[in-house]
C-alpha cells in the first residue's frame, strides 16, 4: 500500500474497484470538519468550547499521513447505499446473526483499516499489508473475528448490496485452494536481509555439527574448523613433549644419584634401590628446573614480541650445561643435558662393574 492510505485501500477492496481516491476522501473529511465547526459555532463563537475546537489540529477526520476517520468511511459508503454497524454492539448481538451469513466486515485497529469480504462462496482477508488475499474458511471466520476483537480491533458489519464484480462472479463457479498463507509486505526482504548478516561463532559451530542441507560446511567454516583442530593438536604435542622431558630428566637424575651412591658405599653393603631423600631431592630439582623452563619460555615470548628477528640469531648449544645455569636452559638444552647425564650414569655403572 502507499503511505498510510489504508482507509482508501480498505474501501476499494470492499467494492472491488478503484472507486475512491485520496482527494475524494479528503473532500469528504473537509465537509465533515465544516459541519462540526458550524455545530460548535451554534453555542457561540466566543465560547470556550469553540475556541478549544479551533485550536485543535486542522482536521479531526484526516491527517497528513493519509489517515481517515470512521466518519469519512461511513459517509463514503453511503454513496453506495451501504451502512456500517458495530459488530459487538448490543443491538447487533441481539439479532444473533451467524457471521458466515453476512457479506463483509471492515476492521480497524488504531489507524489501520482492512476488509474481510465474501467472494463467491468463500471468505477472504483483503488486508492491504498482505502480498495477496488470505483465504478464510467458514469454520474459522468466527474464530478469526473473535481473535481480532481480543487484539483490540473494532469490527463493523457492512449492510447493503455490494456492487457486482468479476471476482465474485468467477468464484461463484469455482473454489479456491490456498496452500500457503500470503506473507506480509516486506517480510521476504527482511528475511533475505537477515540471511546476509554475518553469523556468530555459535551459529557456525551449530552448522558444523548439524549441517542444514546435508552437503557439508561452507569453505570459510571448514577453514576455521581445521585451524582449530591444528591448534588443538599443537597443544597436545607440546604437552606430550613436556611430559617426555620431565620423565627423561627424572630418570637421568635418579640414574646419576644411584651411580654416585654405589661408588661411595662399600661393596659388601647392599645398595638400596632408592631412598626417601633421593626422591625428595629429585622432586625438588624437577620442580626447580621446570619452573626455570617456563620462565625461559616467558622470556622468549617477550623477546619475540620486542625483537622479531632475534630468533634468526639464536643458536643451539650441544654441549653439557653447567650445573648452575639451569634457569637459562632452553627445552632442547634440558633434553641434551638429560641425555648426557643418562650416558654419564651408564659410564659410571660400567666403571664400577670393571672395578669389581
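From the backbone N, Cα and C atoms, a Cβ is placed for every residue, glycine too.
As annotated in TrEMBL, region 'Disordered' covers the listed stretch 188-207 rather than the other ranges in 168-187, 188-207, 208-227. Annotation for residue 6 (active site, nucleophile): same-chain Cβ neighbours under 8 Å, separated by at least 6 residues, are 66, 67, 111, 112, 113, 114, 128, 129. Model confidence over the domain 'Josephin' (1-173) is summarised by a mean pLDDT of 89.
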